[in-house]
Amino acid sequence: MAAFSAWFWNERFWLPHNVTWADLADTAPGVEYPKAGHLLTALPLALGIFAVRILFERFIASPSAQSLRIHPGVARRAQPNAVLEKVFTSITKNPNSRHLDGLSKQLDWEVRKVQRWFRHRRNQDKPSTHTKFCESMWRFTFYLCIFIYGLQFLWQSPWMWDTRRCWHGYPYQVMTPGLYYYYVTELAFYWSLVFSQFTDIKRKDFFIMFIHHLATVSLISFSYVNNMVRIGSLVMCIHDASDFLLEAAKLANYAKYQHLCDFLFIVFSVVFFITRLVIYPLWVLNSTMFESWAIVGPYPSWWLFNFLLLVLQVLHLIWSYLIARIAVKALLRGKTLLISSPSGMREGGPVFLSVCPLSPPPLLCRFPPFALSTIPSVFLAVSKDVRSDIESSSEEEAGASTDALKASHTSRGENGTNGHCATVKTRALNHSGW
């Protein structure tokens, strides 16, 4: 064990040349440098954050949801059936026509009844809109608070205005209380997400998100251990800037304020593009790659850190392209609708924010399925459960009775559940969200 520890904490990897761990030992009262042991504080704090989340969702988020007429509700449970349950758990949750025909003959059920059973069974495991609203409200609250705190702290920090100060005197940079609280709180929050995955309703992307949260924890811990916390704080603040906007858009979607949802998504997109494609490369990457090279010089962990940041930028470019492509396609479909459908003109009007064609999900949910699994959330702001939100919404819509659909269609015209033209539904791409 001692040999492994010596190999892992090799000074020649973690620290610049001619610097040792002994040099970073506390030399005077009030002078303290980051140490790996400090990160252990995040574990009990994560449990505390998890407890706060439970209380918040029960006493604040849930009443807020009910005030918006988003009630907990009880999911319709599938009729107990041992044969179908065995197929559902061990073979497939979405049987094809061959399976449906076989099960129909075996149980002497109509095919439609078998389909309905599988739909109800799938919906049993999906979180309700009320649950998703409470979760998003908690994340919105945390993301907004941590962004305000980080921005307020960095506003008073000299390295925000001159990034070369991130490297002056490195690695002999004292850890201030404000910076320590910022880092440990962010780390504890993502640890709490790891814990909450085992108590939350299990979703399809459970293992992907579990790995995602661990990768996030690793990135924060890495930058802390080698005392790159100044530049790390800038990276976190940049990526925190759009987290709360997306959660706010999701809240509006759950509450069926569709125009507000679309507007918030547009704001989120603009902030995302500015922070990820302008500020991040010109401000952060320029400092880590060029300013640090001139002031400190390269060493092994420096190369690894910059490699991770460059990978991050590649992901920013891919994700920005996906957002732009989805938005353009939605706009083009909206323009086509306005030209070809007088009813579309009457109901939606030529309004920019009302061209999102699906109901549900809204524009913010139309993302390819692979994107979420590849991007660490400490550096990317987009939420992780949108895919599950889409699937739940679409399943619930499909599960409604024919009479209910007709009544909804009669009372709301062609606008559908969330106020979008139903005539465009058939033209939507059939892919999941992030």
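Cβ coordinates are placed from backbone N, Cα and C, and glycine is handled just like the others.
Taken from TrEMBL, the feature transmembrane segment applies to 36-56, 140-160, 180-199, 263-283, 303-324. The domain 'Homeobox' annotation in TrEMBL covers 84-128. According to TrEMBL, the DNA-binding region annotation covers 86-129. What TrEMBL lists as domain 'TLC' is 131-332. Per TrEMBL, region 'Disordered' is recorded for 392-421. Per TrEMBL, compositional bias 'Polar residues' is recorded for 408-420.
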- Note on the structure: Sequence-distant contacts of the transmembrane segment (36-56), meaning Cβ under 8 Å and at least 6 residues beyond its ends, amount to 9, 137-138, 141-142, 175, 180, 184-185, 187-189, 191-192, 194-196, 221, 224-225
- Taking helix as H, G and I and strand as E and B in DSSP, count the residues of the domain 'Homeobox' (84-128) in helix, strand and coil. 32 helix, 0 strand, 13 coil
- Reported mean pLDDT - the domain 'TLC' (131-332): 90
